[in-house]
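Some features that Swiss-Prot has for this protein:
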TRANSMEM  33-53  transmembrane segment
TRANSMEM  77-98  transmembrane segment
BINDING   His83, His182  heme b b562 binding site
BINDING   His97, His196  heme b b566 binding site
TRANSMEM  113-133  transmembrane segment
TRANSMEM  178-198  transmembrane segment
BINDING   His201  ubiquinone binding site
TRANSMEM  226-246  transmembrane segment
TRANSMEM  288-308  transmembrane segment
TRANSMEM  320-340  transmembrane segment
TRANSMEM  347-367  transmembrane segment
Amino acid sequence: MTNTRKTHPLIKIINHSFIDLPAPSNISAWWNFGSLLGLCLIIQILTGLFLAMHYTSDTMTAFSSVTHICRDVNYGWLIRYMHANGASMFFICLFLHVGRGMYYGSYTYFETWNIGVILLFAVMATAFMGYVLPWGQMSFWGATVITNLLSAIPYIGTTLVEWIWGGFSVDXATLTRFFAFHFILPFIIVALVMVHLLFLHETGSNNPSGLISDSDKIPFHPYYTIKDILGVLLLVLTLMALVLFSPDLLGDPDNYTPANPLSTPPHIKPEWYFLFAYAILRSIPNKLGGVLALVFSILILMLFPLLHLSKQRSMMFRPLSQCVFWILVADLFTLTWIGGQPVEHPFIIIGQLASILYFAIILLILPTVSMIENKLLKW
């Protein structure tokens, strides 16, 4: 009799995705982040669901409902801080996952890659709207500043902003719709993740060498299930250490002050995971130019398959490209730092130079270096 695992219409899909899936024998720990992102998504949906049971999306009661969750709900403080810091862990895993794809040339699976970029946009939108919900000072002013950027769109800008706000300023209508979108988007993300995996399993995983590994595959279970468990343990350990020892480490103290439209905080800045994009936005003195640079800073990822001029897929055997890649990583750290600084003399020029370098590396330097390496192969 054939195993139910292999014949049952529903179970066999799970079997082909997570159990009998042929996987390359040499994928490193950098391939753990896919499963860790899945875990982060599950944690966020579950903690978010329990928070939604106690949260009220009204300007008068939103801030106090979050306080109520932390003080009066059983383990409410734990659920709230797991959700807030879970978002940070989510983005750490996301950035490492995307960085892995860039380094090892995984973007040559362009359907998988492009859906991944759409997923990145969806997660960023979800995180932004979630940050508005506690209705603290930074929530309110962050929402005001970021939604206001849409007014830079010619002709329809102002109308569009007022349509999104549901009035002439960020108010109760904005908060209610942000809560609705923040609730629905993770489920859309789950659907996109399934499509992401569907396309990935059409081709199979890439591996560090970038070479075809069809001749040397091993079953996903038990080899990579046990390997993923190590990643899960490290992720949960890090998350719980953050939640239990310094839950407000990555937050902004201004968000413990209820939203007040009459008083602007001295420095409006987003959560740490948006700072690099915020720095690029601020580095351009023109409003529309800044908005375009902001959008293009993420959208540029979609160009990676087109900009790949090397004869080799992975950077494993390309020392010059490796060097440029790590300069790009350093540049992103610099942008993140600048995004959190006030708009003053040394920071403005550093931000502008770092922004130029970011686009130059991706659009010019990496493709040029790839071509040089192709020439060196002939020597």
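Note that Cβ sites are derived from N, Cα and C of the backbone, with glycine treated the same way.
All chains included, 14 other C-beta atoms sit within 10 angstroms of the C-beta of His201 (ubiquinone binding site).
Away from its own ends, the transmembrane segment (226-246) comes close to residues 29, 32-33, 35-36, 39-40, 43, 78, 81-82, 85-86, 88-89, 93 of its chain (Cβ-Cβ under 8 Å, at least six residues beyond either end). The local packing around His97 (heme b b566 binding site), expressed as other Cβ atoms within 10 Å of its Cβ over all shown chains, amounts to 20. Checked against His182 (heme b b562 binding site), the binding-site residues His97, His196, His201 differ in C-alpha distance, with His196 being the nearest. Long-range Cβ contacts of His83 (heme b b562 binding site) within its own chain (separation 6+, distance under 8 Å): Gln44, Thr47, Gly48, Leu51. The two recorded residues, His97 (heme b b566 binding site) and the residue listed as 'ubiquinone binding site', show a Cα separation of 17 Å.
Shown in sequence order, Thr112, Ile115, Gly116, Leu119 are the residues of the chain, 6+ apart in sequence, with a C-beta less than 8 angstroms from the C-beta of His196 (heme b b566 binding site). Counting every protein chain shown, the Cβ of His182 (heme b b562 binding site) has 21 other Cβ atoms within 10 Å.
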